[in-house]
Amino acid sequence: MGDGSDAERSGGTSSSSALELLAQYEQHIMERGRTLEAIEGHGGERLGPTYEELVEENVQLRRELQGQREEIEHLRKTISLLASGRSGATVVEQQVRPEPSPSVRELALPPRSADRRKNTKNLSLAPVGHEVPSTDRLRVSPQEATSGAQQVPLLTSSKSAEILVSKSPDEDRHLMSPRKTISRSSSSYSNTLGSPATSVLYKNSRISITSPCKSNSTSKAASVLSLPENNTSTENAPHSPHRIDNELDLLTVEPQDGSRYDTERAGGPGPLSPESIVYSDSDLQEHQPSDLSSTTRTDLGKFRDMVDTTFNAEDNPTGSRDKETGTEMEIATLQNTPSRQHESSLVTSPQASRSSITTPVVDPTNTSEPSSLSAAKFGSMSTATSSNKRSKGMGTPSVEHSAKSYSQHSGSPHSNSHQSKKADIPLFVQPEELGTIRIEVISTLYHEPGNAASILFSVVDKKSSKEMFKFAKTFTRIAEFDTFIRNNMESLAVPPLPDKHMFASNVPVKVDSRREKLNDYFASLLYLSPLPFNPALKLAQFISTDPVMNPITGEFAKEGMLLVRKSKTLGSTTTWRIRYCTVEGSIMHLHDHMIDTDTIKLTHSTIELQANLPDDKYGTKNGFILNEHKKSGLSSSTKYYFCAETPKEREQWISVLTTLCDGPGGTAAIPSINSKSEASSLFEQTSISDSSYLGPIANLEAMDATSPTRPNDPNPVSLTSEEEKEVKRRRMKSFFPFKKLATTPTPYAAGNDNASIFSQDDDSPVNATNESGISRSLQSMNLQAQYNAVFGADLRSCLQLSSHPYQGKYEIPSVVFRTLEFLYKNRGIQEEGIFRLSGSSSLIKSLQEQFDKEYDVDLCNYNDKVSVTPGNENQGGLYVDVNTVSGLLKLYLRKLPHMIFGDAAYMDFKRIVERNGDDSKLIALEFRALVNSGRIAKEYVALMYALFELLVKITENSKYNKMNLRNLCIVFSPTLNIPVNILHPFITDFGCIFQDKAPMENGPPVNIHIPQI
């Protein structure tokens, strides 16, 4: 007994534990359910559609897709039937039935929407003799019952139209076997009777380009609008499916005598003959709803409830539904007539009443007569010809009515009209609105993963100049569009597209050229507005497809496509690479197809602008140079050449990069100025520092406080024209002795007749005569009173106009100081081909005129003040670069009316070179003695020091700039108008001559033959 009681107690304990666990589980389930309900109820408005709504929308889309596929298949079969028998023309007949009483009418849905309500897709025809439920039968009048025609019922839902296809007993022998039947879907009949899928008119743009970061609720609201064909605009639309009149197009096949098809001879039935619409039992059973699975039926049931609720709420606001009623209507007859006439008549036969169909209730004031059968499918609409006299005689009044209806309702979706073509896709811009926009090509280097398009467009509103949306295209798509436009606009001049091979090149000049040609092409199209309808509609469709969303910004300071190459690849024009560049912090990353190929540290880097020269051998356009600073010194810096697609884009990159680079003139430390450093050159150091190349005078901010020397006369007199300046300059230079001295061979110019002009002694009578003649001529010309320009003036006059201190002990003209300042700050001494490559001639001329008028121009900040007018963004010669500044310095030196060391000292230097022969050491020592003797004016010594120090630094960086001693002598010997054997020691022994250093033991020999020297 004890054991039994213990067992009972243990069993009761386990049962209670199980019950407690079940209670806890149920409590957990209830809490989870309440939590889910709270989440759905609280966040439904913010989190977007619920799962059930998404499922319903998915089911709806799947059904629409299936219906469209069946419709396409039916159209293909119809086309094949029409192609197989072209001997028959189409006759379309209509029967106008009296309008039923408003009390018994019901607002019927569009055919496709009505099908959705009943969740059935079976509108196939049953074979002859097949039993059909009485509810699906059409009411047949006694007159029809005695007509002797066999009736084939068309199975539809109770809410949809019920149609009987009649044929005479004479045609029974032409029935096809069940194997040759054609299954026709509901969508095919919907197209014939007014399918809303072909009646879409996007009167206004209802799809907006939204950012991908918007909420799901917004996306859901726009999801239905983004459907390609099933969106209908029912508000005030002239062809809305809710405004269909009680007239419908009907079909009847009635072969004419002598033109009846013989199926045995023809091998098949004629197009749209009764044989082509006979259906077998298997086909009928195949579409029965009972074949659907239980899951499908459940989903369709839910979808049916949703559609019923939606349409009841929209179409019947009062909540009451009228009982539907039927009106009797006839089945028109398709007659096979000779195909060569290609004509059909729209006639009404009062004797052809066959059946009734439910029609929608519409406002009598807004009713519009139905359009005729689509002319695109059954031929053009016209009155009957002599071959159709019988049909024409049967319905003459209705022919006039039909013609009137066609002319008035050409905008119907069933007519072959322009407006019906608007239903292809939703349009962001309507054809009639093309005159209010402009299309701009943003980039031809656009790349998006998974998208082959490489050309990015922007559609901008003309009035507000604001961007509406973007879209991307491939060149193939653009070429196809161009072919269509030219076929439809043969009489209009449309500029050609860029050649396809231009899109295979990455040379910046070609990239800019193809972008400009595309801009011209689309600008010309819009300029011709209003365009013919077909081209206008095609253009509207072209810009409304392949939209591009604006990316989410904020992660990088700047990002975009750039053309890049390094300095080591400058020998070839095929080395430009497309890179996606991003600036993150002080690092610039270069990506190639999502792979990080290069990383540039922007700290202490420098930026240079490149002029847009039409003859640039590297094809540079909208370019700039980024010199990456290395810790080991400037000699190991890396130079990157970048090119943007537009000047505006380059300015954006420059503005971002300059704030991140701490180059010369930026936050880099500047050495202090002391007496010792003032007396020495910056380049006594073994390596180039990060500070300005101007050395101790690099503290330009402090020096700006020292105003440049200006003449006392506030209104200096200048020449009236540039031609007069050039004439006077030539007249002055014609008096100097080195132009007229006799030729005597010298040790350094043996065998070089061109260099022997410097062999004349200064003690010779010729020289004395020339000097006296020069003085008298200069005094008689009184040039000083007239010539106050910088270029062409002597050194003393130029210093009086404007000057700047250099190295704390020299005074040099402002034009020389500004050019040296720009070259040192922008690492011009490392620029490849400096002083040999020419800059923008127009910009050099402009800078010369500014210096002549203002005497001092800040070249370092010149580009910040450049203003570009709209339309001139790509014009060359707008921005100052290294080659432009070096060309400006050469122009000033070339226009000096005297030698750089003065005309009086020329013969002294010449005798030293002749006396010492090949001994470069003695030549350097005697040059130094002459410079320090005081016989050469201090202004000449200052200019010599500044210029020759620059040339020394260029030779020290010859491995980067490719300008060795020989190349510099080739450039500056004619520029300074002095022979090479005098110029050479100033560069090779600069330290000995100007800085009291020991001379070089054996200087590098220079053997140059310069014609004119």
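In case you wondered, yes, glycine gets a Cβ from its N, Cα and C as well.
Look at Swiss-Prot and you will find 90-197 (among others) tagged as region 'Disordered'.
Residues annotated as compositional bias 'Polar residues' in Swiss-Prot: 143-160 (among others).
Taken from Swiss-Prot, the feature region 'Disordered' covers 258-277 (among others).
As annotated by Swiss-Prot, region 'Disordered' applies to 282-301 (among others).
Under the heading region 'Disordered', Swiss-Prot lists 307-421 (among others).
The feature compositional bias 'Polar residues' is assigned by Swiss-Prot to 309-319 (among others).
What Swiss-Prot lists as compositional bias 'Polar residues' is 333-388 (among others).
The compositional bias 'Polar residues' annotation in Swiss-Prot covers 404-418 (among others).
The predicted model assigns the domain 'PH' (555-662) a mean pLDDT of 81. Residues annotated as domain 'PH' in Swiss-Prot: 555-662.
The region 'Disordered' annotation in Swiss-Prot covers 702-726 (among others).
Residues annotated as compositional bias 'Polar residues' in Swiss-Prot: 706-720 (among others).
Per Swiss-Prot, the feature domain 'Rho-GAP' maps to 799-1013.
Sequence annotations record features per position, and here Swiss-Prot assigns site 'Arginine finger' to Arg836 based on sequence analysis. DSSP assigns Arg836 (site 'Arginine finger') to coil in the three-state reduction, placing it in neither a helix nor a strand. Cβ neighbour count for Arg836 (site 'Arginine finger') (all protein chains, 10 Å cutoff from its Cβ): 16.
Here the domain 'PH' (555-662) has, by DSSP, the following mix of helix, strand and coil residues: 18 helix, 46 strand, 44 coil.
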